[in-house]
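Q: Just dropping this structure here.
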């Protein structure tokens, strides 16, 4: 009979072996040469963590108690593997392309990277798995106690054994799961160790089974006869329980964090699923093959009242098969440890990533960028999480009293985890599923599960008996085992029916009623259409082909020569031959940085991910790329705006320059005009004054005439200078206007008499006195000056035989209009546009002035708030003066 | 050689002064005040010398000079050009167009007389 010390020694030796295997596998994986490590066989064996101590010990107990119902536990995963392998393939593809690290990560990722959802799933998983971990503790403790009771009598303390088992498993899980921090969360070593454990437990169970069938019963036919005789062989099927538990097993197989870990996260190649789809059901068949014989024989051989959960161990022991018992013990130990390790790893990843790290990061927002530090913190938080999860399991075990059958604890766990299923499957196949829907479904399902299954199942008075009996507050329809008055159902069936149906209903209703955010919508499309977005199945391992792809891509971005130099440099650094470096993480990191310098970090990450990860570009990557391009576009947009501004400024400058040139030309022109106008009278004056001075024999009339010419020309000079000054003052706006009220007819009287008085010529001025009685407010002297100029022009230039000037006054649109129309030929059409220019003269022969009169007049009228224009289409010369009425302020 | 001068000038007073001066010096002076038909008038009158004002109604003195120089037999016709616009650009243009003498207003009488005498003396020598 092995002693406890021996047992502990064997356990430690076994653990050491597992360590060596894991370590070797990790080393092998790091070199990248181990193809068998990535074989579908290892993958299939790793899936066997589905079979925990519950399966190893509990299935026999289950069969001993409830007959063939235990089959449902194996039926569920088999149905999923055979009937839903395409769904699993989608799950694996999504997990790979989204680089998810856990089921919480997957759910959160699908629904717009909602950390709230991740926390929700994490809490649900922790609460759901806690009974399961307690189950492993219980089974190990039980198996220890078997040996202990048989060995030394007395002194056995159940609680302390459980504590030490829990502590030992925690250390074990910490050592295994958090030895190092792998970026992609894949643990080749652990997976290999688990595969080994899978073999051990299969061999152990098969060994016990063979011993029972051939050793105890004496052959297959005898065994069959015994089964037929026993009540287990009776087909007593409870339909609703069957369906419910099969469904739970299916859901748990997909949703259990540890199953998700080995099936999706640790998956190396989605083609492995094809092998697993027949190999894993085969494994399940083998492991369940001898359950019934062991149960039947156990019931016969073992004394009444012995725990059927331990038959696998106690039957060989009772027959003195210590070696077989030891193997069986190791098988059970394997089942428990592998489950605990992977479950703790998966849960700690979730807790650490979604609960601890966000809190830590937000509290350390300043120093979070210190990368070395973060790594340390992540590892620490995972270790603490594992310890905490194990502690929870321990306390659950203490609380529940450890009396419940293994199978029922397992089912409670399954029912809790199954609440994730609607959000998961909905997320994979229904684009309309939203974050609110997932949250609602999870909350409702989780709440109902707590209320109807977990809390009533817990001993220790967490749920008082009267609540179970009469419902809370005496509301009988709220009784945990008979919600809404539906009674008589098995508690498991009752809970699953209610929680799952309301979960699905809440999920669908909230999804339909809420609108997904853009990120959610994009992620939804990425998930539902994952096969359109990601590349086909191929290994995720690095290869030379990838290096070539990377080279081609880099050449496009960096330029051929630069890329070649970079790759050669890296190859030399790796100490390899040839031009292409191995795509190690270090190299990829450097390359990403290098490319990031050219195309932006997000785009570089997405490009390298596309080639190396073989994964599709995630939505986050796409958004980041879009962000960067948006920034670039904005920047180029700004540049464009600047360049248009520059162009506009340049155009303005050019225009200003042209204007200045024009003004300068105009000024030159003006100056030479003035020069001409001044020099012309001066020429006459000089010439005649010299004639008067130098010529002696001039007659008196001649002297008189020449002196008169000199005098007139001098006056002309004076007039010219006055006009110029007038114009200059007017144009500069320095003129002071003497605004007065007055009668228009008075002003016209003054002007007409000033022109006609003492002038030769026959101009007849016609006026209509009646219309002239208009009061105007204006500078009356300036106005008279304009009128004088217009009348004098008519007098000078009207070429009719009997020149006439008609002055008429109208009121047009609140303004006074004075028309001056003569009966001559008028201003020639080509000259009409220039008639108001300075120095314009229609006919030089008749010129009395310098051609400034109309220019000055027009300037005056503009100053007075009116205008002076030439009217086309009249029979003769026609000028129109417009001026505001009295009472209307002149626009100065 | 003849002593026939054609004076093309629109300012009546200036024309009268120059006519007075030249007539007293023994020249026969015809005057014309319009630019537009000045070339025809020159061709018809066949003067020994033309005094041409730059700013004329109808056609500028510069254009008239160019047209005259383009006519056979008038290449060497002495042309004295007068201008009131004191711009050196005008002088350059006139010289390019083939002016014989360029004079800016106001001028002294003796300058005009001397210029006319010189030009006719040169013309008679060649």
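Any Cβ shown, glycine's included, is placed from N, Cα and C.
Any TrEMBL annotation is an automated prediction that lacks curation.
Pasting the relevant annotations from TrEMBL:
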type	residues	note
COILED	A:639-666	coiled coil
DOMAIN	A:673-887	domain 'Histidine kinase'
TRANSMEM	A:6-29	transmembrane segment
TRANSMEM	A:41-64	transmembrane segment
TRANSMEM	A:70-88	transmembrane segment
TRANSMEM	A:116-135	transmembrane segment
TRANSMEM	A:161-178	transmembrane segment
TRANSMEM	A:190-214	transmembrane segment
TRANSMEM	A:242-260	transmembrane segment
TRANSMEM	A:280-303	transmembrane segment
TRANSMEM	A:323-356	transmembrane segment
TRANSMEM	A:377-397	transmembrane segment
TRANSMEM	A:403-430	transmembrane segment
TRANSMEM	A:437-458	transmembrane segment
Q: Please check if the transmembrane segment (A:116-135) comes into contact with the transmembrane segment (A:190-214), where contact means 3 or more CB pairs closer than 8 Å and the residues in each pair are separated by 6 or more positions.
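A: Touching, no - the transmembrane segment (A:116-135) and the transmembrane segment (A:190-214) miss the threshold of 3 or more Cβ pairs under 8 Å.
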Q: Select the range from A:41-64, A:190-214, A:242-260, A:280-303, A:323-356 that forms the most Cβ-Cβ pairs under 8 Å with the transmembrane segment (A:70-88).
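A: Most Cβ pairs under 8 Å with the transmembrane segment (A:70-88) come from A:242-260.
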Q: Same chain only, please: residues at least 6 beyond the ends of the coiled coil (A:639-666) with a C-beta under 8 Å from a C-beta of the stretch. Say none if there are none.
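A: Residues packing against the coiled coil (A:639-666) from afar: none.
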Q: Applying the under-8 angstroms CB criterion, which one of A:41-64, A:161-178, A:242-260, A:280-303, A:377-397 scores highest with the transmembrane segment (A:6-29)?
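A: The stretch with the most contacts is A:161-178.
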Q: Roughly where does the coiled coil (A:639-666) sit in mean pLDDT, to the nearest integer?
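A: The predicted confidence over the coiled coil (A:639-666), as a mean pLDDT, is 88.
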Q: Which stretch from A:190-214, A:242-260, A:377-397, A:437-458 shares the most C-beta pairs under 8 Å with the transmembrane segment (A:323-356)?
A: A:190-214
Q: Residues sitting near the transmembrane segment (A:377-397): Cβ under 8 Å, six or more positions beyond its termini, same chain?
A: 126, 129-134, 136-138, 162-163, 166-167, 169-170, 173-174, 177-178, 181, 340, 343-345, 347-349, 351-352, 356-357, 360, 458
Q: Six or more residues beyond either end and a Cβ under 8 Å away: which residues meet both conditions relative to the transmembrane segment (A:190-214)?
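A: Counting only partners 6 or more residues beyond its ends, the transmembrane segment (A:190-214) has Cβ contacts under 8 Å with 17-19, 21-22, 24-25, 37, 41-43, 45-46, 48-49, 51, 56, 176-177, 220, 223, 262, 266, 283, 286-287, 289-290, 293-294, 297-298, 312, 315-316, 319, 321, 324, 327-328, 330-332, 334-335, 337-338, 341-342, 345.
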